[in-house]
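J.: Quick one: the structure is below, and I'll ask about it shortly.
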Amino acid sequence: MTDFPWLIVMIALPLVGGAVVAALPAGRDPLARGLTLGVSLAVLVLAAGATIAFDTGGDRFQLTTSTPWIESFGVDFALGVDGIALVMLLLIGVLVPVVVVASWDDTSAGRRSMRGYFAWLLVLEAMMVGVFAATDVFLFYVFFEAMLVPMYFIIGSFGGPRRQYAAVKFFLYSLLGGLVMLASVIGLYVVSNSQLGEGTFAFDALRQLEIDTDVQKLLFLGFFLAFAIKAPLFPFHTWLPDSGAEAPIGGGVLLVGVLDKVGTFGFLRYCLPLFPDAARDFAPWILTLAVIGIIYAALLAMGQSDLKRLVTYTSIAHFGFIALGIFAFSTEGGTGAVLYMVNHGISTGLLFLAIGMLIARGGTREISAYGGVAKRAPVLAGVLLIAGLSSLALPGTNSFVSEFLVLIGSFPTRPAFTVVATVGIVLAALYVLLLVQRTMHGPERGLVAEEPGRFHDLDRRELVVAAPLIALVIGLGVYPQPLLDLIDPAVSATMSDIGSDPAGTTPAITEAGAGD
Amino acid sequence: MGASPVLDTARFDTVAVDAINAPDFSLAGITPLLCVFGAAAVGVLVEAFAPRNVRHPVQVAVALAGTLGALVACVLLAGTREVTAAQALAVDGAGLFLQATIAGLGALSILLFAERSLDPARSSFVASAAVPAGSARDRELMTAQRVQTEVYPLATFAIAGMMLFTAANDLLIMFVALEVLSLPLYLLAGMARRRRLLSQEAALKYFLLGAFASAFFLYGLALVYGSTGSVQLADIRAAGLEDSTSTLPVIGLGLLIVGLMFKASVAPFHTWTPDVYQGSPTPVTAFMAACTKVAAFGAILRLLYVAFGDSEWTWRPLVYGIAIVSMLVGAVLGLTQTDVKRMLAYSSIAHAGFLLTGVLGLGPGGTGSGLQATMFYLLAYGISTVGVFAVVTLVRDGDGEATHLSQWAGLARRSPLTAAIMTLFLLALAGIPLTSGFIGKFTVFRAAIEQGAWPLVVVALVASAIAAFYYLKLVVLMYFSDPAEDGPTVGVPGLPTTIVLAVTVSATLVLGVVPGAVLELAERAAIFGA
């Protein structure tokens, strides 16, 4: 089965599915969502199959395919995954069906048919798979930019009251970053042209280039800006609260859970191996931004009155941890950061969905409108609590392992930054527990007191949405080893690319982490 | 000033001797030009002799036959390289590529001209241009079957002039071509059936400013001739400008560039563009925006590549500065526009700046990849532009086209297909991957970076991001806003516009997804001179 074109099928299937769903006649919404669920489950199966076919001890890039695409530029349609990309594909595979079920009964207030929404979801899935699976920088760029279009329509057509503003802001921020990256992509091509005799975009060839440090710095900044906006890193984050708050719940889960990971993935895949000298020179600055982000976003999260904006600020704080792990240049730190990317997708996804279920009952995003929901809907309160605990990295949940790895991996190389970042853990506990306390506990207040009938407990569909993610929160909290086995070799290879000490002792630490 | 009287006499003698020799004339090499000039001449005869009721179909057929014939001739001539007509015309890869582009885009524009089923007034062109606007007779003719069918020969002459412009190997011929292409355009701009005063104002503005620009060109020509002793591009190159003390030819070149940039609607020589684009009948706007741009850039490329290719220092700083101004003016001023056609005019100014980054990629002696990049960009941009204006002709209310932005609100609800097509073109103009615009931008930026102009490229990318805002604004209006109560309707296009839309949509996608073949074609064709 290793010859099976896993990655191509994982891109083509949702793309075709999206076209079919979009072409369905109006009024066939039930068929549209059924078809979407079927396709997204098939992608999940494919992702699982690809993981089985992937040999953890084998080459760095596996399941590779390559076809010439634009020969006069030397562009190949080249796909392949390393362990890092593979776990992201698994995350996509899990989150998309969950999102489809979560959006099952969504309506857009009679504005338009929901089949457009499901069609865009599938197109988005195809683009997300492509962005992680591309091993040609040009192809990566194409997916990176093309990914904006479906998300733009998801936010703009199906989002909240300020969706127009949010959609345009999202698109423009990302586009600006992408265009600056384009300059660097072209620059990289020109460098390869002068060094290798013919221009190439193949990641493996570009990695071998010996680039002058000053040129590296310029090229690095181009990539960095795009990824820092995408991640988003303080101070490039202002688009995320708007987009996350206005996006429909399903789109928001994918936005925060997967799309933003492209930024941190890009740091690891492109910024570090291609421009190691520049990465080392800039690391203190980036770490400063990361740590500011951790503290600043956590403080802002506490001050939010809007549920969805609160979750997006928690995400910005978490991205600070991921960036810390990446730019600490240690294998534990890097492995922790990648695991954090997966865990954050799961725990924030769950948090977003739980909040979505609350908003579906109350009809408003204002925190002050809720209080004492736990008495009416104890299961909902439980789901929100688990999501929150995972988000604050309580031992026993998935996030604990990754956060611990990041901190322990960063401390030897960057003690000062790590110490400051640790304050973020305390703040995380504050914003999560305050949220749970204000909305779920205490006497019934606000809407809950006025119209208690609306706050019924989770129905079967909502349980189906929450169950797999809760299982992953606990499962990966107790036994993260399978993911670590996938991630570790790829991170070691990345760290050896930048000439950092690859001799990490990850297994010992993970045992310590998993033992809790 | 520069040359001494003694030298001048010597030069005069040589010119006189040359003039006695009978010029060589390769008819085969200029078949594309003969096709369109022939069609234009036949069109004039049709106008004189054919009865009025058959003129329209006959004129359309003649104009299409001429332009498509020229396109075929260019394809058949591919690979030919010669200089003919007493060194005045060059037949070469780049020239043929650009001529084919102009002929193809010209044929598409003619199809837009020929659309008769959209407007209840039966055509976008006036029934009789001589009738004063607003008079009783004018109101009577508003819905007349009659059309001023001279628009077809005029357009064909303009296309012929444009093709000659890109083939001119001699500054005088270039000037003649400039006038041949401009004069019919001045007239065409004033021929709108609706909002005639606006249209006539546009024509007058275009004419006055255009005449001014021609004068610049002519003055530059005189200075270059005065200092190098020749109007032929090859001789100017041979005269050599290595001596940086000679300011005369540099000033002359600057003036020539001003004249050409005017036609290409490059800021700061762009002031006519928004008014003329807005006032002209939309098919004419499409024609001007696509074909004139190709022709003007064709001439700029040939001038800078052939005549001044060895002395890049003479034009590089100038073009560098103008490119930045044009990109920023187009991107920033476009933000404030409330009319679709004016917005697209500013977009065209910004794109002219992007094209100039490709021109900067020519490199010393034309060794860079700038020529092929600019050629591909021109093709991609021309196709999307014709397409985008074709969509503009579809959206109408009782007073004709509904070009105010607010009238486009909620268009996707009324006509999802039209909105989707418009979105595709807007994404292409914004340069989003998987459309032709992205590949075009990529090629010109690559060419510029290869020549070390990366600061310019960074400015270009910022300008692209700013310009993306107004393209998105229209997408937001079409998709995310609720339609107005008495909003416009989307007309059902007749066969000509349907063909145009089908061709432009598929070309925009094909050039974006599988551009390999066309890129290779441009690469092979990227050569000027024999």
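Every residue gets a Cβ built from N, Cα and C, even glycine.
TrEMBL: automatically predicted annotations, no manual curation.
Sharing the record's features from TrEMBL:
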{"type": "TRANSMEM", "residues": "B:25-46", "note": "transmembrane segment"}
{"type": "TRANSMEM", "residues": "B:58-79", "note": "transmembrane segment"}
{"type": "TRANSMEM", "residues": "B:94-114", "note": "transmembrane segment"}
{"type": "DOMAIN", "residues": "B:168-466", "note": "domain 'NADH:quinone oxidoreductase/Mrp antiporter transmembrane'"}
{"type": "TRANSMEM", "residues": "B:171-192", "note": "transmembrane segment"}
{"type": "TRANSMEM", "residues": "B:204-226", "note": "transmembrane segment"}
{"type": "TRANSMEM", "residues": "B:246-264", "note": "transmembrane segment"}
{"type": "TRANSMEM", "residues": "B:284-305", "note": "transmembrane segment"}
{"type": "TRANSMEM", "residues": "B:317-336", "note": "transmembrane segment"}
{"type": "TRANSMEM", "residues": "B:343-363", "note": "transmembrane segment"}
{"type": "TRANSMEM", "residues": "B:375-395", "note": "transmembrane segment"}
{"type": "TRANSMEM", "residues": "B:416-440", "note": "transmembrane segment"}
{"type": "TRANSMEM", "residues": "B:452-472", "note": "transmembrane segment"}
J.: Most CB pairs under 8 Å with the transmembrane segment (B:204-226): which of B:171-192, B:246-264, B:284-305, B:452-472?
T.: B:246-264
J.: Sort out for me which stretch, of B:58-79, B:343-363, B:375-395, B:452-472, has the most Cβ pairs below 8 angstroms to the transmembrane segment (B:94-114).
T.: B:58-79
J.: Top stretch among B:25-46, B:343-363, B:375-395 for CB pairs under 8 A with the transmembrane segment (B:452-472)?
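T.: Stretch with maximum Cβ contacts: B:343-363.
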J.: Ranking B:58-79, B:246-264, B:317-336, B:416-440 by the number of C-beta pairs under 8 Å to the transmembrane segment (B:284-305), which range is first?
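T.: It is B:246-264, which has the most Cβ pairs under 8 Å.
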J.: Should anything in the same chain at least six residues away from the transmembrane segment (B:58-79) have a Cβ under 8 Å from its Cβ atoms, list it; otherwise answer none.
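T.: That would be 28-29, 31-33, 35-36, 38-40, 42-43, 46-47, 50, 91, 93, 96-97, 99-100, 103-104, 106-107, 110-111, 113-114, 149, 152-153, 155-156, 159, 163, 525.
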J.: Using a Cβ cut-off of under 8 Å, list the residues of the same chain at least 6 residues beyond the transmembrane segment (B:343-363) that approach it.
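T.: 261, 264-267, 270, 273-274, 276-278, 285, 289, 293, 297, 300-301, 304-305, 309, 312, 316, 319-320, 322-331, 333-334, 337, 369-371, 373-374, 377-378, 381, 385, 388-389, 392, 405, 429, 441, 443-448, 450-451, 453, 456-457, 460, 463-464, 467, 470-471, 474.
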J.: Which bits of the chain, at least 6 residues beyond where the transmembrane segment (B:246-264) starts or stops, bring a Cβ under 8 A of a Cβ in it?
T.: 1-2, 171, 178, 181-182, 209-210, 212-214, 216-228, 236, 239, 272, 292-293, 295-297, 299-300, 303, 308, 314-315, 318-319, 322, 352, 355
